[in-house]
Amino acid sequence: KSVKEGLLLKQTSSFQRWKRRYFKLRGRTLYYAKDSKSLIFDEVDLSDASVAETSTKNINNSFTVITPFRKLILCAENRKEMEDWIGALKSVQKWEINEATQFNMEHFSGMHNWYACSHARPTFCNVCREALSGVTSHGLSCEVCKFKAHKRCAVRATNNCKWTTLASIGNDIIEDEDGVAMPHQWLEGNLPVSARCAVCDRTCGSVRRLQDWRCLWCKAIVHSACKELFGKKCPLGQYKVSIIPPTALNSIDSDGFWKATCPSSCSSPLLAFVNSKSGDNQGVKFLRKFKQFLNPAQVFDLMNGGPHLGLRLFQKFSTFRILVCGGDGSVGWVLSEIDALGLHKQCQLGVLPLGTGNDLARVLGWGSLCDDDTQLLQVLEKLERASTKMLDRWSVLTYEAPKQSPPAIKEEENGDSCIQAQISHYADSVAFHLAKILESDKHSVVISSAKFLCGTVNNFVAEVGKAYERAIENKQEADTMARKCAMLNEKLDSLVRELNDESQAIVVPEGSAQTAPPGPEAKESSRGGSFNPSPVPRIFKSKDQLMLRANSLKKALRQIIEQAEKAVDEQNKQTQAYRSITASSKKDSLEEFSKETEILDSRRGTVTSTTSSIFLDRPDSFSTIHFTEDPNIIQFSERCVMNNYFGIGLDAKISLEFNNKRDEHPKKCSSRTKNMMWYGVLGTKELLQRTYKNLEQRVQLECDGVTISLPSLQGIAVLNIPSYAGGINFWGGTKEDNNFGAPSFDDKKLEVVAVFGSIQMAMSRVINLQHHRIAQCRMVKITIRGDEGVPVQVDGEAWIQPPGIIKIQHKNRAQMLTRDRAFESTLKSWEDKQKGEGYRAPVRPRLNSQQSMEYLTDEEYGQMQQMAQAAETLITRIREAATTHKAMEQELAHAVNACSLALNEALPNKSSSGPEFLSRNAAVDVSVSVKALYTETRAFLEGKLQLDSPQQEEGLQRALNTISQELQRLPNIHWLAPIIHSAEEESSESSSKGSLKLRINIPKPKKDKDKFQKLKSNSMVPVEKWGAEEVAAWLDTLGLGEYKDIFFRHDIQGSELILLERRDLKDLGITKVGHMKRILQGIKDISSHP
């Protein structure tokens, strides 16, 4: 049995051409031939094979099957098919059967997901430890864990890809009294240039060999020697609130879906949906980045399975966040699936714009485009600081009017049925020729249609007369029919005369004197003849007068048909439905008809809301669908849900043509720029065609139940958000005025706007104009009349809507994550302030690498225990006093918490801990934190606090004296004395440096040079032998003391200082151009004066 089979493109050796072949995967053998019916198949042994994606710019969906003896390059039709083949080929490597499971099982297999890539710096294979070949270090990389390998080595790589479930962790799991915890997952080598050890803060990595380690989860980097000193439990890093730890995925429910439990550290995890086709197919880069930063099990490709699997995985969480990376269509897809699962109260949705329009992302504050995957960490940070707003969602309900036809007639009434069929035929013919006369601009077509119309009506009158004589014996009714037929002929003659006059007329400019009408002797008879030349020029009759003549003709014809139907109605009651289509009332009189013509004459291009006026204005009224059903019993069906906007007419036709073009020629619409160009081309085409220039005659608009009189327009836009068709504010403003309120996407209101043409839409992208606002309402109803459908689009997805009714009403609301720029700005200002004052804080004392690896002796450990006990006593006394003095709690909370944390980490269990469990680094942290607590408490007591209770004050003083004694004993430890001494110097200088800050912000170059010379003369030590302290003092002379902490952390000595260049300063984090110039000039000065 075949695991998978199908057609693929195979690259041949001759000029790398592609040929279509039929492939079958059976067991560990891949067969291929020209087609499925071939008798002879080539075969490829997959026993020692690996498979890797080799797509060029993620577009051509190609992959490579690598065996020890050959390399097969194949190409699939789309990305989903490519991933299905890769998954099937990987499954046979482990003797698995590739079944249609509920979840992408490759996430849980531990196998690497290879793709071919190049590297900008020397990179080493994690299998054979040798360098990758070529100048660009070309090889394979795992898209999840960045495991590197030669193509020949990939098959020998261990299955240790990034963990996804509890089972994938295996025996490395940590179990303690708090439950199950996750250890670090280390990967060796290939570290970034600026990597520093999290234990000793020294440089890590090498460009010469594979060395040192990186955790795939918290991104911590350590030396091989420091690895054992680092904590065992993984904290999951800076964005742990977004990550689902593998320990949370530990079971499968009865439906085959993975169930995620909610750990305390993950209160609001992030579910990432990426549309791999969005953004010029650059969504693949974001897909890989998300898998590297998050748990791969919480990242899904919408093009490979849709959003259902991810939402089922997260549905047990009380709250979670969703990030959709794609266009507006992707967002709508995810929201529709949330509707189906009923998760709106649990989830909050953010948008990362990768599509073409991205209107919703603009409104929510995420911008119009994000195509830089290197900014993904910043995006995650902004997402965690985002605020929530409600987005109104609207149901688009449709009702298609049934195409009614005359009812069937019984066989015994064949004679009457033939007459009725002829009447129907004549009515359709008259309507057709009238439509040609009124809509055509060519005189030849008008005259030709008039001649046909004349003959048709004459034949119609004759047939009606014959039928009426056979069916009616009453002479009075026969005379009535004869009079109406005569009236019909008279109206027809009048119409033809007007048309003949128009064919002889010339255009007279507006405002010029009009000539007298021609005499009756100059007119042509209705039966043909030649025109007599007249010296007096004729003037074009207005189209309204011609429409009056045509409507009078239609009215007379309708009266004749009504009279004829009376006889048929007595024999066959089924004609009642037919009469409802062709006639509106049997009691119309000539006086009522004259009133209707006066209404039509007064309209002058304005569409009224009454059905009669619409009927009169339509030349094809006999084929117009009338909605006789009760609106309350019409059964609507939900076609889709609108999140952004709805359009009918011009803009919908452009969207429909673009979607058809993209489906027919995907390569022509493969980029965002090409898409915008196609929209421009199609819009220009509509500028010439003006397909829907009289849309107001084909649709009827109701807002909140009120019929709206529409101007002459080509389209109608219904807006939920103030961004339309790629960023246009079609409403024209964001503030309220005297007539309308401010537009918002959470007010349960829609904005209705008129679209007049392509020029208006194009100008809206350049100039922010106030457009033609129609209404602001809570419900919109649009009736489409006629026989032809009209293009309709919702959020960019277009279709042809048949005649009927469209109703837009509120459905529900979704929680959307909006970027809070005000909060981000406030937080950034606070962080910058903290950085600016950071140099006043004591720098974390450091030991050299040799000292940091050693442990405390018994004597040193006993001394640390005594100091820890004294510190705990002081903390207890502070907490007791803080119950009655809130100021103490506010001032000392930070120091107390920091000291408690350091004590708990260094001495978690004092009864079982021994010297071998306490490193010197931990002892340094305890000493510094206790010293800081002592200093801040002493300063607070001396400056601000007067305790009411003498016992509390005495207890605090006694605890402070005890700690003071323990601190005085610390210099007896030889390796701790320099660190304590430097900490004391930093604390004593902090106040003076604080006052100096304002004075050193404006440096004076001449004095600075004098300071350099003074510094050199006072110090007998050459610059090459400067230590970190001398470099820090030198920075003070430059007035750049805020960078001392950076230089301390990177251990910049004098020998390294004189070799610093501009790019080195950038790597250190110094970005201000003026500061870089001052530092480089200072280096030049101290180097030129040895």
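Note: Cβ is positioned from N, Cα and C throughout, glycine not excepted.
Among the ranges 75-113, 543-581, 1050-1088, the stretch that TrEMBL annotates as coiled coil is 543-581. Here the domain 'Phorbol-ester/DAG-type' (111-161) has, by DSSP, the following mix of helix, strand and coil residues: 3 helix, 14 strand, 34 coil. Only sequence-distant pairs (6 or more apart) were considered; of these, at least three Cβ pairs between the domain 'Phorbol-ester/DAG-type' (183-234) and the domain 'SAM' (1026-1089) are under 8 A, so the stretches are in contact. Taken through DSSP, the domain 'PH' (1-94) splits into 15 helix, 40 strand, 39 coil. Note on the domain 'SAM' (1026-1089): DSSP counts are 47 helix, 0 strand, 17 coil. It is 1-94 that, among the stretches 1-94, 265-400, 1026-1089, forms the most Cβ pairs under 8 Å with the domain 'Phorbol-ester/DAG-type' (111-161).
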